[in-house]
């Protein structure tokens, strides 16, 4: 199987950096901060739409649930093992990232439309890419549909559910690419460069590698949040020469916890899937702060960790080359960034511990 290289994890493209430079040079730092905040917030709202098609009974629902980290009995799960054929496109949102949506489409073989008319009927242009799930063999209509989708400039992936493998067909070389579920998600990241970050965060914690990828995305998001908090947060913490926007900190920490699968709902769903008490999974969480994120607990955490903060402006400089060094020089940015990164390290460690406990004697369940 040929290897592919992932693109750099950048939040700002060249055009955005150029715009930030112009705004900063013209109107100063205060005018730039709203742009950075918008970019930080945009991560949670970036839309990813994946169309899943195939005939009834080939495993579409199981695939849709797996991609969203849900079991068949979880709230909002697609009903599995039902023979009724989908007649209209049906959306299934991600449980923690509603902007990520998988659409269950009717199989082309159930309609009398040509491949092109079928694509028009299911609103082809609204999807980022297509996944076609089949049983033991590909049908003529499947191949016609794939060719039409490729003609129109989008990607389609074939999954042969009975063989538990994934295949990308009709590549430029004409070769087949066989990959497992984790590699499949990695390939989708490559195909969605502008939406890679949100797609990474939407993946279920199937492996340590997935959790580490989430950490990288969240680390960049932490820096953006710290820039905003350090620049516009003016809530003084008694006894400290630091100003932090508590609302931004709490929101960022809650998002981090949710994306890493450490919120109550995610832990309960996981406990049900691996048939273990949820308290057994929660016992693997290294810091009690993970389960108690409130304004008061954040202030308490600040008072206990800020004294050890070190300057880390270089990372901000990589994300925001124009003004990173200016922000990095502020005490507020340093303290905020130190706190969030310390929390992210704790959250990641807890997520890894929970995964290890979950897969004990349950490696086939996940």
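Glycine is treated like the rest: Cβ placed from N, Cα and C.
TrEMBL labels come from automatic prediction, so no person has curated them.
When TrEMBL is compared with the stretches 291-315, 316-340, the one noted as transmembrane segment is 316-340.
Per TrEMBL, the range carrying the annotation transmembrane segment out of 222-254, 255-287 is 222-254. Matching 69-93, 94-118, 119-143 against TrEMBL, the residues noted as region 'Disordered' span 69-93.
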